[in-house]
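Asks: Before we start, here is the structure in question, set down as structure tokens.
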Amino acid sequence: MKQTIILLYGGRSAEREVSVLSAESVMRAVNYDRFTVKTFFISQSGDFIKTQEFSHAPGQEDRLMTNETIDWDKKVAPSAIYEEGAVVFPVLHGPMGEDGSVQGFLEVLKMPYVGCNILSSSLAMDKITTKRVLESAGIAQVPYVAIVEGDDVTAKIAEVEEKLAYPVFTKPSNMGSSVGISKSENQEELRPALELAFRYDSRVLVEQGVNAREIEVGLLGNYDVKSTLPGEVVKDVAFYDYDAKYIDNKITMDIPAKISDDVVAVMRQNAETAFRAIGGLGLSRCDFFYTDKGEIFLNELNTMPGFTQWSMYPLLWDNMGISYPELIERLVDLAKESFDKREAHLI
């Protein structure tokens, strides 16, 4: 009997379009000799819509439902995703997806799911909290100032100018895929950058700009996590924003990255240490800055990285000899393993 994968995609965050791309890639790459795929779309308003089922590879004409093609007659209660023995693959990016909220819902339903648990998902989603945890683990961070809604913005700007040097990057603490992030060269640019970031979150990070290469390491496993050789994001734009990353195709990837063996070893070790520090499970992508001065800063952990067949995370593992379909199978097996352990702890 085939194993059922419940594919959750869409979602309420600004990254829902990326989620659809990732989900369509997964549904086409699944080993249909072993799996059946059932898909549920989460609309922008948070409704669950039962969409397609696939017992064999979909045709090129098959497309997943989106906000533009919703069939509201297929709206179901969120708990309708439950199926005995099924594994959920929540291909959801950003808030209300990889921030622990969906993970908590799936644990209430007693369903195995791919990826990090409630704690590690919520922790890694918040940039300020992640920095504090990684600092405690001895991992170097880019200098920053945290600003919370209600703070005296003028005083905080003065703190930024005392502790950091322009240019600086302003980021919502709880957001991903470069949404709401701005680069500021002076105070006149910093004020509107803060206003933009506060549209997406009540906690904002102002980070020192660094002249650096962006290097990424893939992580796979539960308590025996393994890392990939690093890959590099090679940009044709000054700032790797949402449109550059997902829409304009203004980046290329260099896998493996052209860096020394010593730097590779440090990055892989730091990535594995960071994954353990947050209590990670299943998968993550660890993003580093490698400066022109030879400094290595861990920028962030992404607990549900972009998962299209052309995304960095699957390509990093392909370079290590694990194909995209095999990667999906391994993640499903890891989900079942962590579920069994979680259930055993409740006895």
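The backbone N, Cα and C atoms fix where each Cβ goes, and this holds for glycine too.
Straight from Swiss-Prot, here's the annotation block:
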type: BINDING; residues: 161-216; note: ATP binding site
type: BINDING; residues: ASP287, GLU300; note: Mg(2+) 1 binding site
type: BINDING; residues: GLU300, ASN302; note: Mg(2+) 2 binding site
type: DOMAIN; residues: 131-333; note: domain 'ATP-grasp'
Asks: Work out how many Å separate VAL168 (ATP binding site) and GLU300 (Mg(2+) 1 binding site) at their Cα atoms, rounded off.
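Replies: Distance (Cα to Cα, whole Å): 17 Å.
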Asks: Within the domain 'ATP-grasp' (131-333) only, compute the mean pLDDT.
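Replies: The answer is 92, the mean pLDDT of the model over that range.
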Asks: Between C-alpha atoms, which of these binding-site residues comes nearest to ARG203 (ATP binding site): ASP287, GLU300, ASN302?
Replies: GLU300
Asks: Counting Cβ neighbours within 10 Å across all chains shown, tell me which of the binding-site residues VAL168, VAL210 comes out on top.
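Replies: When each Cβ's neighbours within 10 Å are tallied, VAL168 leads.
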Asks: In the structure shown, with every protein chain counted, which of the binding-site residues SER182, ASN302 has the densest set of Cβ atoms within 10 angstroms of its Cβ?
Replies: ASN302
Asks: Hey, of GLU161, SER182, GLU189, LEU196, VAL210, which of those binding-site residues are within 10 Å of GLU300 (Mg(2+) 1 binding site), Cα to Cα?
Replies: none
Asks: Tally every other Cβ atom lying within 10 Å of the Cβ atom of GLU189 (ATP binding site).
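Replies: Looking across every protein chain shown, the total is 16.
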Asks: Hey, how far is VAL210 (ATP binding site) from ASN302 (Mg(2+) 2 binding site), Cα to Cα, in Å?
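Replies: The Cα atom of VAL210 (ATP binding site) is 20 Å away from the Cα atom of ASN302 (Mg(2+) 2 binding site).
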Asks: Take the C-alpha atoms of LEU196 (ATP binding site) and ASN302 (Mg(2+) 2 binding site) and report the distance between them in angstrom, rounded.
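Replies: If we compare the Cα positions of LEU196 (ATP binding site) and ASN302 (Mg(2+) 2 binding site), the gap is 22 Å.
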